[in-house]
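Enquirer: This is the feature table in Swiss-Prot:
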BINDING   ARG48  NADP(+) binding site
BINDING   ARG125, SER126, SER127, ASN238, ALA239, GLY278, LYS293, PRO294, THR295, ALA296, SER297, ARG319  FMN binding site
Amino acid sequence: MAGNSIGQLFRVTTCGESHGVGLMAIVDGVPPGLELCEEDLQKDLDRRKPGTSKFATQRKEPDQVKIISGVFEGKTTGTSIGLYIENTDQKSKDYGNIAQTFRPGHADYTYTQKYGFRDYRGGGRSSARETAMRVAAGAIAKKYLAEKFGLVVRGHVIQIGNEVAEKLDWNEVSQNPFFCGDVDAVPRFEALVTSLREQGTSCGAKLEILAEQVPVGWGEPVFDRLDADIAHAMMSINAVKGVEIGDGFAVAGQFGHETRDELSTQGFLANHAGGILGGISSGQTIRVAIALKPTASITTSGKTINLDREDTDVLTKGRHDPCVGVRATPIAEAMLAIVLMDHFLRHRAQNADVVMPFEPIAP
């Protein structure tokens, strides 16, 4: 299983399963001298961790991260940073009924066919439990980028099911369990998710993630364009089925004179491209949106097959999110930060001596 790392110079490698002993990450490429402690990572982990509201899974994990290497006397040493989170609230008995069957819409069938064997407890490696380490690693990137450039990565929920947020107040995002910036949409989100849980079903979601104060010039055409790597990172998140950069799929119905992001000496006149032109950051705000599918872990019985290749029915047990998008915001923020940190280091490595012909225009 070779797909456990992301990034080239800022490289994050994770391991661990939903019901294993714990989760681990190795973070390579962190420059030396960054002041770093566990609390710096814990803030984002607390935003992601399960069991914090009635609208998410009731599995209760403290997700207390431990830094086991790469930091000395409160500063990064430039060597690999090792991170560890213990699993404490596994209930593997809830999954005994799927040891011989495949949950429809899950990775059970494909993991079994690929590896010939699978850890069925909570989905094993395919569970979103592994994203805790992404958030921890992403918090390191966010801290460095903020201190170096004033760069801010933040996200919010746009849509849950058929309910859509109509406005954005960043002060509201941290005040509700949905990471929603529309105070009027929160009661509608609450009612919908409560109803879904009662019905034994689930719904999808759409999130927006922004990166502000990104310097111009990051991205490595042609195959490692910044937007290509962002899309790759976002699609690696569990349940993500669509990624948009800038205006995204809406451009199919737009016209060239509307979307070409004209320039002036005073700055850009629009940002339909989402802060990336030709695969390189323009200095404008990077705008990313992701769509997450409804989780297939629902309490309604579904048709499937078993290991004997026989038709059967399966009922999913365990503790699950009625909408996985509720806790996905800090995960998506982390993935965007990881990509940006990697591209900063790559840009510096190749282009540190490049002299721009003029100062960048305003975003």
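Any Cβ shown, glycine's included, is placed from N, Cα and C.
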Enquirer: Just the number: how many Å between the Cα atoms of THR295 (FMN binding site) and ARG48 (NADP(+) binding site)?
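Expert: With distance taken Cα to Cα, ARG48 (NADP(+) binding site) is 17 Å from THR295 (FMN binding site).
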Enquirer: Cα of LYS293 (FMN binding site) to Cα of ARG48 (NADP(+) binding site): how many Å, rounded?
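Expert: If we compare the Cα positions of LYS293 (FMN binding site) and ARG48 (NADP(+) binding site), the gap is 18 Å.
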Enquirer: Tell me the Cβ neighbour count for ALA239 (FMN binding site), meaning other Cβ atoms within 10 Å of its Cβ, over all protein chains shown.
Expert: 20
Enquirer: Using DSSP with the three-state reduction, classify the residue listed as 'NADP(+) binding site' as helix, strand or coil.
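Expert: Once the DSSP labels are grouped into three classes, the residue listed as 'NADP(+) binding site' ends up as helix.
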Enquirer: Say we define neighbours as other CB atoms within 10 Å of the CB. Which of the binding-site residues SER127, THR295 has the fewest?
Expert: SER127
Enquirer: ARG48 (NADP(+) binding site): which of the binding-site residues ARG125, ALA239, SER297 is the nearest Cα neighbour?
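Expert: The smallest Cα gap between ARG48 (NADP(+) binding site) and any of the binding-site residues is with ALA239.
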Enquirer: In the three-state scheme derived from DSSP, which category covers ARG125 (FMN binding site)?
Expert: helix
Enquirer: Taking the Cβ of SER297 (FMN binding site) as the centre, how many other Cβ atoms fall within a 10 Å radius?
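Expert: Looking across every protein chain shown, the total is 21.
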Enquirer: Using a 10 Å radius around each Cβ and all protein chains in view, which of these binding-site residues has the most neighbours: ARG48, ARG125, LYS293?
Expert: ARG48
